[in-house]
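Shown next, in structure tokens, is the structure this report addresses.
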Amino acid sequence: MARFIFITGGVVSSLGKGLMAASLAALLQARGYKVRIRKFDPYLNVDPGTMSPYQHGEVYVTDDGAETDLDLGHYERFTGVPGRQSDNITSGRIYQTIIQKERRGDYLGATVQVIPHVTDAIKEFARADTEGLDFVLCEIGGTVGDIESLPFMEAIRQLRNDLGRGNSIFVHLTLVPYIAAAGELKTKPTQHSVRDLTSLGIQPDVLVCRCDRPLPEGERAKIALFCNVPTEAVIPALDASSIYGVPLQYHEEGLDEAVLSAFGIEAKDEPDLTRWTEIMDRLENPEGEVTIGVVGKYVGLLDAYKSLHEALVHGGIANRVKVNIRWIDAELFEQEEGGIAAQLEPMHAILVPGGFGERGSEGKIAAVRFARERKVPYFGICLGMQMACIEGARNTAGIAAASTTEFGPTDEPVVGMITEWMSEDGLQKREAGGDLGGTMRLGAYDARLSGNSHAATIYGATDISERHRHRYEVNVHYRESLERGGLVFSGMSPDGELPEVVERPDHPWFVGVQFHPELKSKPFDPHPLFASFIAAALQQSRLV
């Protein structure tokens, strides 16, 4: 039977519960245990798929097509365990399920209440699909005291009894702030947070204390005394120069040993942290430096591109170079005459990421043109590939009116909804439930690369599988025109209907992909496209 680790947070939000959960899972993995991490999100949205990137950050997509919290990206990057639909639940989905059951009469006329119906649904989710695991780590979103999280707190309190003593523990992450006027760290917020937690019937077994400077032994002992935990179970969590140094830091402070001790497990052998020390060696001792210009729409909140940021870092790790990322608002290129060159000339490579909507699209197209004409390495992801196709259609294929139906009616739909295509016979509609699936293409799909293509060389294979999240596709009926203009369709869906990869053979490095390769990149296994892209940027840096 799997043991459960429930992770809660207190004092303030954004302390790093997700990173702590991912790091702890990585440490347990390094000791030979099989782990899985889950996220409980108390918000009432069914999933984050329709939430604003400015509020929620990126939507992380799993192989099975789940639209999930960005923390699942951390979990997968740190452990290498692919996330699943069963690893993320929201209050919205819980209530949706319960209401559907009530409407069907599944409750046989009973009064449906938070206890037991909501809490039972949460417990059922937590315990599902855990066969063969040693540890299941469950992160509770939000902060202790939030109204939204109360049903989840009650559910995990009940789970401790359901699982039996010794089969679950509680880890609580808090803030120990430094008050400059007093010249000391203050433990009172942590004490109050634990008091709030115990008032809900939950006594933490391990306390992880975020602080910006070392936690003195006296303060550590004070926290242990007032919060009713052993001193060795009070774990300082200092700021780190890189998130990939966090597992090493937590191990040094004894987090994994404290967790095993709370379960009554003796930590016999040291964990194998070789790959984490190697990653940090490459990050701290780079042999070069590149600057990547990311021309996007949501640059006001970098969490909107979290996986992309990390994948670029992974590309740097693969090449042992430091990657500097310049986030550039695509709308700037629509407002400032001649501003493109000033912004992009210092860049060693240009990337246009995914996104939705018309705002900033002409700026992205201008960035594609700059990269194509100046022979600067270009990487287009999802919308970035579509913009590359529209730019190519307009400027190298002679289709001046080329556009996408996403932005409105157009006479030249080079990009269109998955359910509609332009052929020689006119606009063709495909049913949402047909062979091509629904209007949102989600999750992992296979693709086939041309054997002599740049993409196949990068992958070292011709059959690949990548994750998608999009409603629009490049219209395959424009393939011949675009290829005459030098933009080659080097990757297609297995049935040959959906373009997956485009490239320019006459360019040093120009690749567009309809999928999201950043979702599968890991620090110890960088995605080949990002490794190759950063290598091309490094080559470009030596030319300027």
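Including glycine, each Cβ sits where the backbone N, Cα and C put it.
Remember, predicted model here, so these are calculated numbers, not experimental data.
Among the features that Swiss-Prot reports, active site, nucleophile is placed at Cys382, with the record citing sequence analysis. Counting only same-chain residues six or more apart in sequence, the Cβ atoms lying under 8 angstroms from the Cβ of Cys382 (active site, nucleophile) belong to Pro353, Gly354, Gly355, His468, Arg469, His470, Val513, Gln514, Phe515, His516.
If you look up Swiss-Prot, you'll see His516 (among others) marked as active site. A coil conformation is recorded for His516 (active site) in the three-state DSSP classification, outside any helix or strand.
Other Cβ atoms within 10 Å of the Cβ of Glu518 (active site) number 28 in total over all chains. Marked as active site by Swiss-Prot: Glu518 (among others).
As annotated by Swiss-Prot, UTP binding site applies to Ser13, Lys186, Thr187, Lys188, Pro189, Thr190, Gln191, Lys222. Counting every protein chain shown, 11 other Cβ atoms lie within 10 Å of the Cβ of Ser13 (UTP binding site).
Other Cβ atoms within 10 Å of the Cβ of Ile147 (CTP binding site), summed over all protein chains shown, number 8. What Swiss-Prot lists as CTP binding site is Ser13, Asp146, Ile147, Glu148, Lys186, Thr187, Lys188, Pro189, Thr190, Gln191, Lys222.
Other C-beta atoms found within 10 angstroms of the C-beta of Lys17 (ATP binding site) number 24, with every protein chain shown included. Annotation source Swiss-Prot lists ATP binding site at Ser14, Leu15, Gly16, Lys17, Gly18, Leu19, Asp71.
Under the heading L-glutamine binding site, Swiss-Prot lists Tyr54, Gly355, Leu383, Gly384, Met385, Gln386, Glu406, Arg471, citing sequence analysis as support. The Cβ of Met385 (L-glutamine binding site) lies under 8 Å from the Cβ of Val474, Val501, Val502, Gly512, Val513, Gln514, each of these being in the same chain and 6 or more residues away along the sequence.
Counting every protein chain shown, the number of other Cβ atoms lying within 10 Å of the Cβ of Glu139 (Mg(2+) binding site) is 27. What Swiss-Prot lists as Mg(2+) binding site is Asp71, Glu139, and the listing cites sequence analysis.
The annotation domain 'Glutamine amidotransferase type-1' is assigned in Swiss-Prot to 291-543. In the predicted model, the domain 'Glutamine amidotransferase type-1' (291-543) has a mean pLDDT of 89.
Here CTP is bound by Ser13, Asp146, Ile147, Glu148, Lys186, Thr187, Lys188, Pro189, Thr190, Gln191, Lys222 per the record. The longest Cα to Cα distance in that group is 31 Å. It is Asp71 that, of the binding-site residues Asp71, Glu406, has its Cβ surrounded by the most other Cβ atoms within 10 Å. Nearest to Leu19 (ATP binding site) in space, judged by Cα atoms and limited to the binding-site residues Tyr54, Ile147, Lys222, is Tyr54. Geometry remark: Lys186 (UTP binding site) versus Ile147 (CTP binding site), CA distance 26 Å. Cα of Lys188 (UTP binding site) to Cα of Glu406 (L-glutamine binding site): a span of 53 Å. Look at Leu15 (ATP binding site): DSSP puts it in coil.
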